[in-house]
Amino acid sequence: MLPTTSVNSRSQGNGALSPRDAARHTAGAKRYKYLRRLFHFRQMDFEFALWQMLYLFTSPQRVYRNFHYRKQTKDQWARDDPAFLVLLSIWLCVSTVGFGFVLDMGFFETVKLLLWVVFIDCVGVGLLIATLMWFISNKYLVKQQNRDYDVEWGYAFDVHLNAFYPLLVILHFIQLFFINYVIISDSVIGYFVGNTLWLIAIGYYIYVTFLGYSALPFLKNTAILLYPFALLIMLYLVSLACGWNFTKMLCSFYKYRVK
C-alpha cells in the first residue's frame, strides 16, 4: 500500500497548503534538504541508486515510474536523495583516471583532465542543459500555464544526470578498450567503431531525456525532443563519408587542455 497523506493536515479547507507545509515545499527548502543529506552517507540509499543505474540501460521507463511514486508520496518530482549523484561522481572519477591512463597522461595532467571533465563536461554543461530544458518545457510544453503545473529545475537536472550516465559509461568506459588498438588508427574501421559508439551514446542521451519529460503528465508535444535524432544520424553519416574521427578529435582536445 502506498503511503498516504491526510488532506486536512496539508490544507486549510480551501485546498491550499498551510503556511508551514508551503514553506517545506519551496525550492529553497528542498535544496537545503538535498545538500544536507549530501554530507550524511548513512542516510543515502546507494542500493536503490545502483538499481536506477542498471535500469537506465535496460529499462529507463522503470526509473521514471519511480519519479511518479516520489511525486505521490513526497510531493516533488526531483530526487531528494543525492546517492545517485555521489555514485555518478565516483564513476566519473574512475573512468577519467582510466582515460588518462589510456592516453598516457602524467599525474598532474590526469588531475587537470579530471577537473575539466567534472566541472565543465558534467556540471557546467549539465547546468546549462538543465536550465535550457527547464525554460523551454515551462514556456512551451506545459499544457496549461499554471504555477501548480511546472517543471522543477531539480527534475530537469535529474533528467540530465540520468541521460549522462549511459553516455559516460559508453564513451568513458567501454570506449577505453578500443581507443589505442582500433579507434585512433587511421583505418576506416577505427573511425567507424568510434563514431558508432558516439552515435549510440548521444542517441541514448536524447532518448532518456525524452522519457524524462514525457513522463510528466502536464507536458504536451514532448515528441519534439526526439527530433535531434535526425540531425544526429545525418552528422554520423557525414562523418563516415568524410572520415572524421570524433574520438581522435576528443583525445587531441583533452591533451591540449591539460598541457
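Glycine too: its Cβ is placed from the backbone N, Cα and C atoms.
Over in TrEMBL, the protein carries these features:
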- 1-15: compositional bias 'Polar residues' (COMPBIAS)
- 1-24: region 'Disordered' (REGION)
- 83-102: transmembrane segment (TRANSMEM)
- 114-136: transmembrane segment (TRANSMEM)
- 163-184: transmembrane segment (TRANSMEM)
- 196-219: transmembrane segment (TRANSMEM)
- 225-247: transmembrane segment (TRANSMEM)
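163-184 is the stretch from 83-102, 114-136, 163-184 with the greatest number of Cβ pairs below 8 Å to the transmembrane segment (196-219). The listed stretches are 114-136, 163-184, 225-247; of these, 163-184 has the most Cβ pairs under 8 Å to the transmembrane segment (83-102). Remote same-chain partners of the transmembrane segment (114-136), defined as residues 6 or more beyond its termini with a Cβ less than 8 Å from a stretch Cβ, comprise 88-89, 92-93, 96-97, 99-100, 151-153, 156-157, 159-161, 164, 168, 172, 209, 213, 254, 257-258.
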